[in-house]
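Engineer: Relevant sequence annotations retrieved from Swiss-Prot are reproduced here:
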ACT_SITE  C213  active site, proton acceptor
BINDING   S104, G105, W106, G214, H215, R250, N437, L438, S439, P440, S441, T472  substrate binding site
BINDING   D175  Mg(2+) binding site
REGION    550-572  region 'Disordered'
Amino acid sequence: MSSPFSVPSLIMEEEGRFEAEVAEVEAWWGTDRFRLTKRPYTARDVALLRGTLRQSYASGDMAKKLWRTLRAHQANGTASRTFGALDPVQVAMMAKHLDTVYVSGWQCSSTHTSTNEPGPDLADYPYDTVPNKVEHLFFAQLYHDRKQREARMSMSRAERAHEPYVDYLKPIIADGDTGFGGATATVKLCKLFVERGAAGVHLEDQSSVTKKCGHMAGKVLVAVSEHVNRLVAARLQFDIMGVETVLVARTDAVAATLIQTNVDARDHQFILGATNPRLRNRSLAAVLSDAMSAGKNGRELQAIEDEWLATAQLKTFSDCVRDAIASLNATDADKQRKLQEWSAATSHDKCVPLEQARDIAAGLGVTSLFWDWDLPRTREGFYRFRGSVAAAVVRGRAFAPHADVLWMETSSPNIAECTAFAEGVRAASPGAMLAYNLSPSFNWDASGMTDADMSEFIPRVARLGYVWQFITLAGFHADALVTDTFARDFARRGMLAYVERIQREERSNGVETLQHQKWSGANFYDRVLKTVQGGISSTAAMGKGVTEEQFKGSWTGPGSESSSHVLAKSRM
């Protein structure tokens, strides 16, 4: 007879540590930070996926700071306003005036990919492109923070009292595009973002294969359930790493015209179908295939597709039923009653599946209705989709339990759309925080707004709950504008153009890059050298002979100001 198994003490200790970690994760999830967060997995699942060596991440601290910032804005009815930072100079300048930083995939795609190959925003660059830019900017933030500390702690208390402190460590929110593939790709992307310094990440509900800039045509959505899986994958990775990275869920449902699949019932009400029975058994894909076999191409194929779509009379199933009710042989009062019953039974928030909708229609006397969502599918197999704010609301409600902030991409700065989305989402998720893209793709001057309207736009939208508002590409446009106008003037007027447009403007506005050696940290590394060499260095960069001494005096030329006045401005 075998003796009973004795569990070694090391095994018991291992299990004890594991169970303690499970309890720790459960307690963490029970904090106010995750009060609104839903997870389809357990704390034990997270602990099983962690290693034994606990790591900490600077981005974790920045994520907590970002969360506090956004919640404060939510409580105050205000918004964090920011824009896409292009480089370390911009991120350092932004720190003086803004409380968050954005890193745009569009800007990275056009200016800073991992392969150095520029292009439009199709998310076809290597997936470490945006994380690399995050690290580029985060390292700059850390450096300027160190540099400032050395400078301030080398001053007297009286000097520090007159020198404004700049918080260079502003939380970075980064563009995660569509997650760059399946769940494992999203997990690895989010891990990179945490390691590189991102405090927040946004993921959008477009197909990763056909991803487009939110202001381009041809956008293809994934099913609601697929994007929920992306958000869950991101949250799981953040949980594994023990960070509170802010997760932003973006939907492109307002302007999307296609969707990958009809598998999710929440999408059914927005999918378009052919209503012309003459096209029965003549799908668009088959017609185009036959035309290509006959040698048609280019404009001829486009003309064939346009004609087919016009003949098909595409409608949502709900619109098709409404038209059928209007055509019934019944009194106007009876028709109105049936329309009201249909609207009540199939409202957007109910997300009624197609088969159930057919049963409801039949109960109202609408039978033998021809409506086919497969006939108009594209050659790639995509379904036709009617984008709308209502579709965005349905998706926002589905994403809310899995994300911290919700973002509806729009095609214009439309207060009515902002209001409808905010009210629709917050009816189901009252505590939801919202984001808004103050896009440079909008022609703001053609929006019908006055200058006063534009000035008030951010505060007005903030009062609706949009706590984070950002101009995605302002860094790009500012860089282009300054460079183009200066280059043109420099070609014409030479050094006077530089002095007037750059040097004097830096001086009069107190921009510290006027003394670029100091700004870049020459004094900081002189301190390093002197520390290494016992307090002295004959090769100090800012020693006797440095040309920046010229900027410490007074100027009497045109456009000049005294150094004391410049210093005062720099401290404002």
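Using N, Cα and C of the backbone, Cβ positions are placed for all residues, glycine too.
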Engineer: Three states by DSSP: which one describes W106 (substrate binding site)?
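Structural biologist: W106 (substrate binding site) sits in a helix per DSSP.
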Engineer: According to DSSP, does D175 (Mg(2+) binding site) sit in a helix, a strand, or coil?
Structural biologist: strand
Engineer: Out of S104, W106, N437, S439, S441, which of these binding-site residues is nearest the residue listed as 'Mg(2+) binding site' by C-alpha distance?
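Structural biologist: Sorting the binding-site residues by distance from the residue listed as 'Mg(2+) binding site', the top entry is S104.
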Engineer: Take the Cβ of the residue listed as 'Mg(2+) binding site' and count every other Cβ within 10 Å, whichever protein chain it belongs to.
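Structural biologist: For the residue listed as 'Mg(2+) binding site', the count of other Cβ atoms within 10 Å is 28.
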Engineer: Could you work out which of the binding-site residues (S104, N437, S439, S441) has its C-beta surrounded by the smallest number of other C-beta atoms within 10 A?
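Structural biologist: Counting other Cβ atoms within 10 Å of each of the binding-site residues S104, N437, S439, S441, the minimum falls on S441.
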Engineer: If you count Cβ atoms within 10 Å of the Cβ of W106 (substrate binding site), leaving out that atom itself, what do you get?
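Structural biologist: Other Cβ atoms found within 10 Å: 22.
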